[in-house]
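A.B. asks: Taken from Swiss-Prot, the feature domain 'RNase H type-2' applies to 1-206. If you look up Swiss-Prot, you'll see 7, 8, 100 marked as divalent metal cation binding site, on the strength of sequence analysis.
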């Protein structure tokens, strides 16, 4: 019986989009070796992504920086919308499955996702679902590969090493600081509402004052 799994990647980075992925099909057809994408190498994720796409239905939704920075929304709402968008691409009435909960209240998150999908589906949201269910783990891989490709494209566009895009990554912070010093503004791929972006702008302003 076909079921589904949904997860997202890129909720926390200061650079670039967030991606959600939904995978639907027979759970028994999930490729061997699927595990939470964060524990796999990039090459292994790409290999499994190809195998998942060859054997399952896959939907991917992107949430760009301008939507993330919109003051009229929040990350929980955007995560619900992205998961529902991806899920709506692969499901039909009567299907059931699991999504990785992006809210402290799992039941509320699951209801919100289900309510945004046109098909009549049964959604169960759980924290850490990518560790428990192969279909969610497969969706985690697809979402992370989409995010990886996005970061690679950004690095190529800026002709620079931008790191992973996460605030904890020193390469990302160095790229952001250097860009702001040179251009006097954030790169378009930066989430301006993130504290890391504000810090980069503040440091550049302070440096300019010190030089004056």
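Just so it is clear, glycine is given a Cβ too, placed from its N, Cα and C backbone atoms.
So that I understand the layout, could you describe where these features sit and how close they are to other parts?
C.D. replies: Other Cβ atoms within 10 Å of the Cβ of residue 100 (divalent metal cation binding site) number 28 in total over all chains. DSSP assigns residue 100 (divalent metal cation binding site) to a strand.
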A.B. asks: Across all the protein chains here, work out how many other Cβ atoms are within 10 Å of the Cβ of residue 7 (divalent metal cation binding site).
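C.D. replies: Looking across every protein chain shown, the total is 30.
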